[in-house]
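Student: One structure coming up, written as structure tokens, with questions to follow.
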Amino acid sequence: MASSAAAAAAPARAGLAPQNGIFGSNSKPFAGFMLKTAQQVRPLSLRVRGSLASSPRKLFSPKAAAATKSGDGVRIAVLGASGYTGAEIVRILANHPQFQIKVMTADRKAGEQFGSVFPHLISQDLPRLVAVKDADFSGVDAVFCCLPHGTTQEIIKGLPRHLKIVDLSADFRLRDINEYAEWYGHSHRAPELQEEAVYGLTELHRDDIRNARLVANPGCYPTSIQLPLVPLVKAKLIKLTNIIIDAKSGVSGAGRGAKEANLYTEIAESIHAYGITSHRHVPEIEQGLTDAAQSKVTISFTPHLMCMKRGMQSTMYVELASGVTANDLYEHLKSTYEGEEFVKLLDGSSAPHTSHVAGSNYCIMNVYEDRIPGRAIIISVIDNLVKGASGQAVQNLNLMMDLPENMGLQYQPLFP
């Protein structure tokens, strides 16, 4: 049965083979990173497809225009700029035609130039780093908060209400503040803000994000897992039991802080599991799958640390609903993400590699029939620092400011 199903699946996918490289014929070369003026950017609006917006996006945004009268575009503050996600925000915004960085904070690096902290970005004309307590938000329209978990709630609570905020920490991802306290070890310090926070997995919550003031940017593992599983759960194509997820991440996912476990001699030529049965992304993943199923979903999730700088692969083992084939899963995901800019399915038996998405905002996935009858295997890859963090944060703020969702994000993956 397994071999006959696989044979039937092959012809169904044959016509889906990419014609112009890994992302298919709809992805045309486009030097988005060269754009500096509105006139140059204008072709970008042609690439915002129907599924990304209800009507074609214009480069002129009433929200962005209302945010500032300075002529500087949308004025940005980056809190926690000395970490990896903060640096990725700066790298991406270097080629964003509308977002201009005006404030950067880093308490331990206060007073330093950003180029001395991250020499690879020394070419950028950026403000000097300051402590959060010394930051002036009077000339700012929006904030990327890249501070550590547990520190963000009180800081965001003290920010001016006019600011649009994308928080990259875990502090506002869980709607249930009691569940947050259980998994993060302390009570929620801004429950009133939790009520207004919108979960920012862009492709799945686009309309809510567009109208939000505060967006909780998803975690990296939850992004790579929910993008394939949520549509399948919603469509009732897989069973809600026996969902097993084996995930692997590069070391940058652990942050930039000095930790003995992340020393070169601790991780080189090695792979190890961590957070076994207790990783803090578990309730976030289960929250999304439970919402999709409208009933409680519990998963088996084990993350692993890989000896590489960046990249993430999630391998998901699922049980098929009655009468459903692995090819049905593939076709449903293909249809769901057909018009999406950043989510792509490979053809045939090609396996996603983390190197296929390095430095980009893409998520690439594929579906395979398991040798065990009635089961399927799904593999997805992302760059944990881009689609898993800073790239998705920019994608979300673009929506919040009524700008083209892909603006500033059309970096193609770095390969080899």
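Each Cβ is built from the backbone N, Cα and C atoms, and glycine gets one as well.
Annotation source TrEMBL lists domain 'Semialdehyde dehydrogenase NAD-binding' at 75-212. The active site annotation in TrEMBL covers C220.
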Student: What are the helix, strand and coil residue counts for the domain 'Semialdehyde dehydrogenase NAD-binding' (75-212) according to DSSP?
Tutor: 46 helix, 23 strand, 69 coil
Student: Return the count of C-beta atoms lying within 10 angstroms of the C-beta of the residue listed as 'active site', excluding that atom itself.
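Tutor: Looking across every protein chain shown, the total is 28.
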Student: Roughly where does the domain 'Semialdehyde dehydrogenase NAD-binding' (75-212) sit in mean pLDDT, to the nearest integer?
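Tutor: Averaged over the domain 'Semialdehyde dehydrogenase NAD-binding' (75-212), the predicted model reaches a pLDDT of 96.
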